Ligand code: GLY
């Protein structure tokens, strides 16, 4: 009898206990930034003597690094610049400068489309915050290298060099490099950069999207006709599936292109992608997507924190650009993603996770590469989103 009474008391307590107060958003932001600073400085010190290397991931207790040639090279210096922007200490600046310079040789690469990621996140943020002219000189060379991959017949920048499968592959990720070109057009007066960015966005809009507003990962164009000859995937579950990070790049890319051009067509596209994500039955309650919206083992499939971080940053920007009622939905989604990523499930305990900020991202599931690990680009977009949210809170 006593046991039954005790059971009933506990049950009543559980049912009627007031909900635990939700942490104020300002607290979430500051906590996220504090952890980010501690972790990033730890990693910056750890890597200081590893000449020319940049952090990539931390797998099975081992720090994995890359040199300037990797598409991820610019993210770590970018994180340092964002943190310096938030807390301008000499230590953060010293490391931001050190790691930015490690990316410099990328400016001459004409074999990749990733120069926006590599140079704009590092040198671009550095230039924005310090006005260092030598950073602009590096970016001028880099923008020419990127523009050299543009093909007038196709109306797009080639992502990867041709191979047996693809004549002129363009991946949705490539939308992200257009911010660099837009910035360089503004800063050099070279309108060609702007025209290339605009044409690439239009071509991608015409060919990458399906009728439900999800997108393919890879569209390859016939170089004689300029017409797509293949629509497939590289990192997604299947050609017709919706790879989560691909949808994130699309959301971010068209939101950013609307900001840069004021062209309403781009806003409409961003809204369509946003609605696809928001209404997808496989988007989990905490809004951190599975690595592919169509992964066959949902709900057991891995989550991709990097996709959530990119989406969060994009949703926050979309909420400030979209003047329709939906802006409230975009803000709610962005905030929810930031809250989830800032929970112990995703945010590292200080001094763990190899110095990376977020846990549980997926690089390339198909190649069993970087599955359920920290990734430097997840950290970059998480910190960017925290700063965006902080600015929005301060402007209220
Ligand atoms: N841009 C490569 C990726 O998103 O994995």
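Even glycines carry a Cβ here, placed using N, Cα and C.
Automatic prediction, not curation, is the source of TrEMBL annotations.
Going by TrEMBL, these are the annotated features:
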ACT_SITE  114  active site, nucleophile
ACT_SITE  173  active site, proton donor
BINDING   114, 173, 233, 245, 249  substrate binding site
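Our reading of the substrate binding annotation (114, 173, 233, 245, 249) yields a largest Cα to Cα distance of 18 angstrom. Taken in sequence order, the recorded positions 114, 173, 233 that lie near ligand 1, meaning a CB under 6 Å from one of its atoms, are 173.
Close to the residue listed as 'active site, nucleophile', meaning Cα to Cα within 10 A, are the following recorded positions out of 173, 233, 245, 249: 173. Between residue 233 (substrate binding site) and residue 173 (active site, proton donor), the C-alpha separation comes to 12 Å. Within the same chain, residues at least six positions away from residue 245 (substrate binding site) with a Cβ under 8 Å of its Cβ are 173, 235, 291, 304, 306, 307, 310, 362. Under the three-state DSSP scheme, residue 233 (substrate binding site) falls in the coil class.
The Cβ of residue 249 (substrate binding site) lies under 8 Å from the Cβ of 172, 173, 175, 176, 310, each of these being in the same chain and 6 or more residues away along the sequence.
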